[in-house]
Amino acid sequence: MWKIEVCFWIIPHKRDYNEMGWSFSMGSAYQFHSWRVFVVVCALPCVCAVVALTFMPESPRFFLEMGKHDEAWMVLKQIHDTNMRARGEPEKVFTVNRIKLPKHLDELVEMQSDSSNPVGKVLFRIRTELRGIWLTFMSCFSYPVKDNTIKLAFVWFTLSFGYYGLSVWFPDVIHHLQSDEYASRVKTHNNEHTEDFTFNFTLENQIHTNGVFVNDRFISMKLKSVTFIDSTFQNCYFDDVSTVGSLFKNCTFVEAFFYNTDIDDSKLVGSRVINSSFHHNKTGCQMTFDDDYSAYWVYFVNFLGTLAVLPGNIVSALLMDKIGRLSMLGGSMVLSGISCFFLWFGTSESMMIFMLCLYNGLSISAWNSLDVVTAELYPTDRRGTGFGFCNAMCKLAAVLGNLIFGSLVGITKTIPILLASAVLVGGGLVGLRLPDTRGNVLM
């Protein structure tokens, strides 16, 4: 029998290429680091969903189409009994007066004259399936659901465009604010001259111009966002030097010796190297979260934004039937659009993070109510197709939002803010024009 011992701990695990981050160990043979843990954690909800699906009953309509009438009746009875217990009427008996059975595809196939031909039977089945899909799709644009389909598609598109567009824009804008603040603290050194000096410490966020370094030693050090411009290095020794966001522009290296460094042609911009040698250059990525804190910060900001939807989910679950689906849908989208407008005044990281949390908390109520409204506005035979079409519009809007908002990062924040506000408010107003389904019997 196999025995697996799983131990979890948080350690700064240093690898051969100086990778430092989260780690967990399974026994003593397997080590998992950084992105592997991230992928495993992201896969857990999918695994849980697959397990949960095994406990969910199949839809009654599917059972009816498969000819399993008793199974369909049992599922309907289970739904009825659950709803009656929730309403405080557990004694109410489930009765079925009439069930309309859909025509089975197999029956249609058998009625065809060429059904004896296996190939023709398969082709007819495919044609029938495709024709049925097309007719069902077109029925979503016929009376009495045509207007609802157009309005729902518009609401899905606008909500998705604003939500996913801002989801990309928020972290990048915060990163842009961080970069501006970091650049404002840069230290500049001009015309410095050092000789026979040993650099064995970290240099960060500095610009060295017209410097002269003679017989200097750069040993076990790190250059973080350091730029040398028009500087001269003569008889200098570089050993175990790592650079992150650092460059040597128009510099001159005379009889320099490089050992175990990551300084290569990409770091030597317009520089001259005379009688110098490179040995055992470092390969691979040398960057860690300690070097680029913003890499961690992007995930943390997204985590805060996702955590902010929890109150919105609770509120929408408790008030959906009390204030109505349309009031929650339209009100949530309009308030989300108004909150986007106030991003105009966000000039700091904390302000932008607060607005991100507020926006996510408001918009999640719109998503929840929109799911309910969409399902309740379509009859059973068109519900899946109509819902799928609206989701397709949602995904199209998400792609367009990512492209448009992503291209405007660092250029202007006026257009994204005004565009998101206008789209969300417009979608919310259209959502208020949908029929109210609260308390209605599903078709």
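Residue positions begin at 1 at the first shown residue.
Heads up, the Cβ atoms here are built off N, Cα and C, so glycines get one too.
Here's what TrEMBL has on this protein:
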TRANSMEM  35-56  transmembrane segment
TRANSMEM  152-170  transmembrane segment
DOMAIN    187-278  domain 'SV2A/B/C luminal'
TRANSMEM  296-319  transmembrane segment
TRANSMEM  326-345  transmembrane segment
TRANSMEM  351-374  transmembrane segment
TRANSMEM  386-409  transmembrane segment
TRANSMEM  415-434  transmembrane segment
Quick one: find which recorded stretch in 326-345, 351-374, 415-434 has the most Cβ pairs under 8 Å with the transmembrane segment (296-319).
-> 351-374
What stretch of 326-345, 351-374, 386-409 shows the most Cβ pairs under 8 Å to the transmembrane segment (152-170)?
-> 386-409
When the pLDDT values for the domain 'SV2A/B/C luminal' (187-278) are averaged, what is the result?
-> 92
Spatial neighbours of the transmembrane segment (351-374) not adjacent in sequence (6+ beyond its ends, CB under 8 Å) are 152, 155-156, 159, 162-163, 166, 170, 173-174, 177, 301, 304-309, 311-313, 315-317, 320, 325-326, 328-329, 332-333, 335-336, 339-340, 342-343, 345, 386-387, 390, 424, 428, 431, 434, 437
